[in-house]
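Engineer: This is the feature table in TrEMBL:
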type	residues	note
DOMAIN	343-589	domain 'COPA/B second beta-propeller'
DOMAIN	630-773	domain 'COPA/B TPR'
DOMAIN	823-1228	domain 'Coatomer alpha subunit C-terminal'
REPEAT	47-88	repeat 'WD'
REPEAT	89-130	repeat 'WD'
REPEAT	131-165	repeat 'WD'
REPEAT	205-246	repeat 'WD'
REPEAT	249-290	repeat 'WD'
Amino acid sequence: MLTKFETKSARVKGISFHAKRPWVLASLHNGVIQLWDYRMCTLLEKFDEHDGPVRGICFHIQQPLFVSGGDDYKIKVWNYKQRRCLFTLLGHLDYIRTTSFHHEYPWILSASDDQTIRIWNWQSRQCISVLTGHNHYVMCAQFHPTEDLLVSASLDQSVRVWDFSGLRKKSVAPGPSGLAEHLRNPQATDLFGQVMADAVVKHVLEGHDRGVNWASFHPTLPLIVSAADDRQVKLWRMNDAKAWEVDTCRGHYNNVSCALFHARHELILSNSEDKSIRVWDMTKRTCLHTFRREHERYWVLSSHPTLNLFAAGHDAGMILFKLQRERPAYALHNNMLFYIKDRQLRKLDMSTNRDAPVMQIKGGGRHQPYSMSLNHAEWCVLVSWRAGDSSSYELYAAPRDGAEPAAPPEPLRGHAASAVWVARNRFAALERNNQLVIKNLKNEVSKKIATPTCEEIMYAGTGMLLLREPDAVQLLDVQQKRTVASVKVSKCRYAIWNADMSLVALLGKHTVTICTKKLEQLCSITEGARVKSGAFDDSTPQPVFIYTTANHIKYCCKDGDYGIIRTLDVPVYAVKVIANETGARVVCLDREARPKVLNIDPTEYRFKLALVTRQYDQVLHMVRTAKLVGQSIIAYLQEKGYPEVALHFVKDARTRLSLALQCGNIEVALEAAKSLDEPDAWDQLAQAALATGNHQIVEMCYQRTKNFDKLSFLYLITGNLDKLRKMMKIAEIRKDVSSQFQGALLLGDVTERIRLLKNAGQLSLAYLTAINHKQLEEAEQLKAALEAANLPVPEANPDAVFLMPPIPVQKAQPNWPLLAVSKSFFEVAGAARAAGEAGVSGVAAAATDEPLEAGGAWGDDDELQGDAEEPEEVMEDACDDGGWDVGDEDLELPEELAPVQPDIDGGEESAEYFVAPTRGQGAALGAKLRTAHDYVATGQFEIACRLLNEQVGIVQFAPYADTFLSMFARARLQFGALPLVAPLVAHLHRNWKEASGRDLLPVLTVKLNDLVAQLQQCYQLTTSGKFTEAIERLQRLVRVVPLLQLETKQELAEAMQLLAICRDYLLGLQMETARKAMPKNTLDEQKRTCEMAAYFTHCKLQPVHQILTLRTALNMFFKLKNFRTAASFARRLLELGPRPEVAQQARKILQACEKTPTDEHQLLYDEHNPFNICGLSYKPIYRGKPEEKCSLCGASFMPEHKGKLCPVCGVAEIGKDVLGLRICPLQFQR
């Protein structure tokens, strides 16, 4: 008897198994009905509506119903999905003993102490028949599995068999004539003219000496078994004419409560109030097994309709058990599976799925073999048997491959708990006295090893054995007779090795432990359900253990990661995993020893393995192609530190925001926050952006949440005084006097503070503020006001100190520079994929589509007669303050204070002190420097200026002052040496690992990537129409390019491309700004503005900006009635693929222009003749005409402008003869 599940409860009086699900119902003596999941060993539900004991219980075979009957005379029908009682059937007058559903008809059968049996229709909820005839309590009634019969047992000492075919014909009318015959002749009569009864007694079985407690049919044979208070179990046979007693099983010594047939074997099971369950041989009528409990009497017995599973109810609960083990015996060699089925050794070729018999297996009696072990070298098989306390083995010599299966010779036998091969011609057997013996092929003992605590032996390779002890597994070297290794695993049942014997999985009842071949534990997993079997998948970089439980196929990696692969309807035993690139198959044996192949999806564990083994190319491939979804994968990636990979799976904006903040991906977090647009999301993003110094994102977040206080403080700490003034104006609009006063305080605006205090009625404070800050005129007025109001005039403090905020070191700081860290594999791959799709370089990459709205300086000329279009507003983005516009959009920064020069000479008093001699030249100044960057970084500004003049013709160095000082500051660090001593200065070097002394070069202070990021911001400013600010930033970019220090030819090409992009944007934006400032009163002035708008369309801008220039020119030329040129602009605009509404407008204009394809006015513009635009006069210089170039930015000019300052870059001389840009060591090798 193998106990599978046990419950503790009140006395169990009724049990019913569900046909499909692993559920069992138990009705208790206290009136409760329990629904248990016996695989997971959990109580699913309780049903408590009966008053008193519930004796009858039964699941419906198909519907989600069960029926119960109790001592309250009620039959209740329940729906377990709805978890409620559907209805109650009333009619019995005494306790109800059993209730059951018919397997086909909508009927319920009930037996009661009122001496009747009733049949109910649960669909119409009516009693359709009452069977009377017993003259004592009816203890049991059951339908026949296939025929129109039912059997009942009563305390009147009889068993009755009833035929209810009449009821069937009257109620449901199946059969050849069916319902039609019944309708024609509703009162059918029998041979003697009597109306056919609903049910008639077919047989009365009398033979028990006392009341009969139970009777049941055999599933297939015409047999009945009955159990009675006379302590006997009787077997009856019947035919159509009569029924008779076959034999009696005696052995119980108290009332027999229940008896039933085994569905698959010739066995009878019975239980009794003598606290025992007995198993009887039907053929010999002898007791085979007795299973006894100490204190609990048994009351009911039930069998599963399809599985080899039984349940018995006793005084203290219920027990589920099997009579014998169902695990098939099998062994594996390469692609061949050997297994025993129906006393036959068979082999399955797993590569071809060819199954063939090998030989007959003889011993074991009625029992199945426990296990087998294969010796593929000598082609011998060890088969172990276990029956109760006795165990034995048989040694067979199997026929070779190709030989016909013949009757095998008599096997060699021996008594041992288990037998396993340990060498080519040796096997080990564990005898009952816990002694391990090594035998040869002739079954002769060659060696003995004492193993006092060993309970089981398992295969561990040639010359090695695994010994299972109660709380450990030991690795035994058979030759040396000593334990090599040990691992603590309690009650290990099976050991499964991978292909190269490097890993072993030790399976317990509920545990999986994976160890190395030296029994070093790698991981251990505890399961809720029973672990059945397993096999290794060796196709992965690290072997993965695929194992089966009672209801799942699962996987376990050696690092402890595990998960579910698929569910199982019935338990199977995994033998081998066959995997390929696309999927995997698990070869299994079911409980009938039938081979099965189950397809599984290995993607999840391959994905986890690829992450663990850092095979990121496979990870990326699986992310893009496999269907990996679910919160478990996302949680796993978060736990393992791969939130950037988890971002690939997530579509939910809230989860994307959380993951993006974890991996520091501010751009993705910004997208998620925009889609959520919730205050909490903006707050989270602001905190993350503030930690990385991304002020612009922080600014936008505070703007979205209208967090004015934090926004003011942000402007203060970043030195953005202009926007701080704007915040003060916003506070005034909001009528927030406190914030307005705080802003004035932070700005040092004394006049505003006096005004606010005066308006608030605080004349005394206003007077003190004025007099202390020497605002004498204002102070006099306030003093007069105080005297007029008869208020005391406070006295000024002669020691008062001006309350002025410190001047910011750097005004309007940009985002903090971040460390140059290498991107992760996923970021690089994602960027490469995006770049491949967009087809643009990293420097020139901008928005690939036209923005939804373009504002600022764009769209001023869009209005058309007859089809007016409202000017569009700019989308708010990270660099845009349009949402806070209070009238002063183009800000002019205040002049910076001139730095105070230190008094080097010491003034007049210098002679009174000792003056130390000047130091010699430092190592940083004496290094072999070549580029302007290195000279600036080491503080040699004069040499740097001379180089810039010679190389790119820079003549205006005033704009470089801040840049030079910033670069010089970044190349040095200060550190404290001794107390009370000024800090020491050290120079940072970029080649400190490879060089020393004069070969050391200063650290890079300007990086190309930073300039590319700034160019992206300039794109955004251009899109939003902030041309003035965009021009300032673009000029700053152009000026910094000669100060770069690059290493590769690719970086040099990108820098030159950056310079060309900035030149085109500067020229176009300056020309557009000048055009907007021009008067448009006369026709000539209008023609000139149209010419400049046309020239703007020939600047090489990004498509998103090119669309805007073409729209402007198109509208202007259409208004000027130059329809032919306007049509050309419309075609160019449509080729760029604008938004649908813009394209529709362009097509309308094009259609109107094509009706009259002429130009009314002659302009200085020929679109078919290539030209450059003069950066001063904004006139075309056609190809072949003389022109001069700016030596830095490369802008074109008329020859008469040679020698002037280039207005495009603002620092270089036009037409100056120079050496050329030198920012890369490769340029010095020419």
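Using N, Cα and C of the backbone, Cβ positions are placed for all residues, glycine too.
Automatic prediction, not curation, is the source of TrEMBL annotations.
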Engineer: Among the recorded stretches 47-88, 205-246, 249-290, which has the greatest number of Cβ pairs closer than 8 Å to the repeat 'WD' (131-165)?
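Structural biologist: Between the stretches 47-88, 205-246, 249-290, 205-246 has the largest tally.
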Engineer: Using DSSP, tally how many residues of the repeat 'WD' (47-88) sit in helix, strand and coil.
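Structural biologist: DSSP classes over the repeat 'WD' (47-88) add up to 0 helix, 24 strand, 18 coil.
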Engineer: Same chain, outside the repeat 'WD' (249-290) by at least 6, Cβ under 8 Å from its Cβ: which residues?
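Structural biologist: Tertiary neighbours of the repeat 'WD' (249-290) are 1, 213-214, 216-219, 223, 225-229, 231-235, 296-303, 308, 310, 312, 314, 323, 366, 388.
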Engineer: Mean pLDDT over the repeat 'WD' (47-88): what is the value?
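Structural biologist: Result for the repeat 'WD' (47-88): average pLDDT 94.
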Engineer: So if I exclude everything within five residues of the ends of the repeat 'WD' (47-88), which remaining residues of that chain have a CB under 8 angstroms from its CBs? That is, six or more out.
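Structural biologist: Residues 11, 13-19, 23, 25-33, 35, 94-101, 103, 108, 110-112, 120, 122, 125, 305.
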Engineer: How does the repeat 'WD' (131-165) divide up by DSSP, counting helix, then strand, then coil residues?
Structural biologist: 1 helix, 20 strand, 14 coil
